[in-house]
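Per TrEMBL, the features are:
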type	residues	note
DOMAIN	46-371	domain 'Amino acid transporter transmembrane'
TRANSMEM	49-71	transmembrane segment
TRANSMEM	77-96	transmembrane segment
TRANSMEM	169-186	transmembrane segment
TRANSMEM	192-212	transmembrane segment
TRANSMEM	280-301	transmembrane segment
TRANSMEM	317-338	transmembrane segment
Amino acid sequence: MASSESPQPTFMDDTAAAKQKAFMDDTAAAKQKAIDDWLPITSSRNAKWWYSAFHNVTAMVGAGVLSLPYAMAELGWGPGIAILTLSWIITFYTLWQMVEMHEIVPGKRFDRYHELGQYAFGEKLGLWIVVPQQVIVEVGTDIVYMVTGGKSLQKFHNVVCPNCQPIRTSYFIMIFASVHFVISHLPNFNSISGVSLAAAVMSLTYSTIAWVTSLQKGVQPDVDYSYKSKTSSGVMFDFFSGMGEVAFAFAGHNVVLEIQATIPSTPETPSKGPMWKGVIVAYIIVALCYFPVAIIGYYVFGNAVNDNVLITLEKPAWLIAAANLFVVIHVIGSYQIYAMPVFDMLETLLVKSMKFNPSFTLRLITRSAYVDMHCSWFVFDDSITHWWVKINHHFSQKLQIILVNADDEDEDDDYSIRSLRFE
């Protein structure tokens, strides 16, 4: 009679299962490594300490430096210098904290901001806390840079050719965006190092032009250092507005971890060493850009300074044109620095969650759509505004209300609408 007992697993079966599991784990690890080697943040880790320096300068020193004299006019001498100094010290300290936390867990690197958030708050909650804020800041900053680049290009055109036919701002934004349709396809942070270096040099250059030209212009005869607003509520509003402008000028922390991720790291020489060296150099450059522009610009023009000190300067025309061109070059680099983490998020979502194959075509479509989103919105908005103004102007000319003197001679000052005529 045959036995009804089931056969027991043998040692050979266990060995085969273990080998199969190990093979599957190795395959999954190899696939994950291939994806990491393709994604922009983790694909290249051979950056030097000076990459950290100019990446951080490009991320922090934006066109906002040119509004610092205006912020000083809103804050006043004492509060203005105090807030500017405290902002420099506090952001320097918090940046040091970010550098230290990049490898706070031995053997692990937090290459992205949301990874540190997930470690602090949990896998799901960390994503919901960090990612929306980071996306808002980075996409919002890119929108600001798209407008700033277009307007600075327009200012350059108007200064160089004052008698030329006026061109709408949206066209200059399109010209500025066309540059990004090309360089946005550079794969990672290290590949845009040349663009970032040029941007960092330009930021120091136009900042120097702003304060040196102001100093040469000399203190204006009617300079006034009193608050711009004369009411207590207006002074308070201007004060908070000035604080916001200073805070905007000291942005850049939300890409620190991604910049540090490009630096090689070993247990003997962790990445925080070269990263911190680059940060120190970057903050010295930040101080050289910010404090002279803010203090000298306000000292020369007082509360009559514009929200862009280059507009207040006006002359010499060739120097103002050059400064605006330098701003354009700088914001090209800044746009890319803030866009790269967004590209990484989008490509991670597409490849890891939606299972697309990593490819040049996927990258081309994703990044082109991102740039096009910024450009198209402003072109559409400007076009609607342009045609709305033309339509209103057209009908205001067609509609004529004719006022005539009333027939009653006893009421000489009495006017009435006699006719409403469309011509």
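Start at 1 and count along the chain as shown; that gives each residue its number.
Glycine is treated like the rest: Cβ placed from N, Cα and C.
When each of 49-71, 77-96, 192-212, 317-338 is checked for Cβ pairs under 8 Å to the transmembrane segment (280-301), 49-71 comes out on top. Beyond the transmembrane segment (49-71), the same-chain residues lying 6 or more positions past its ends with a Cβ under 8 Å from any Cβ of the stretch are 80, 84, 95, 141, 145, 148, 152, 189-190, 193, 196-197, 199-201, 203-204, 206-207, 210, 214, 241-243, 245-246, 248-252, 255-256, 259-260, 262-263, 273-275, 277-279, 281-283, 285-286, 289-290, 293-294, 296-298, 301, 305-310, 312, 327, 330-331, 333-334, 337-338. Listed by sequence, the residues of this chain that lie at least six past the ends of the transmembrane segment (169-186) yet keep a Cβ under 8 A from its Cβ atoms are 146-147, 149-151, 153-154, 157, 192, 195, 328, 332, 335-336, 339, 343, 363-364, 367-368, 370-372, 374-375, 378-379, 381-383, 386.
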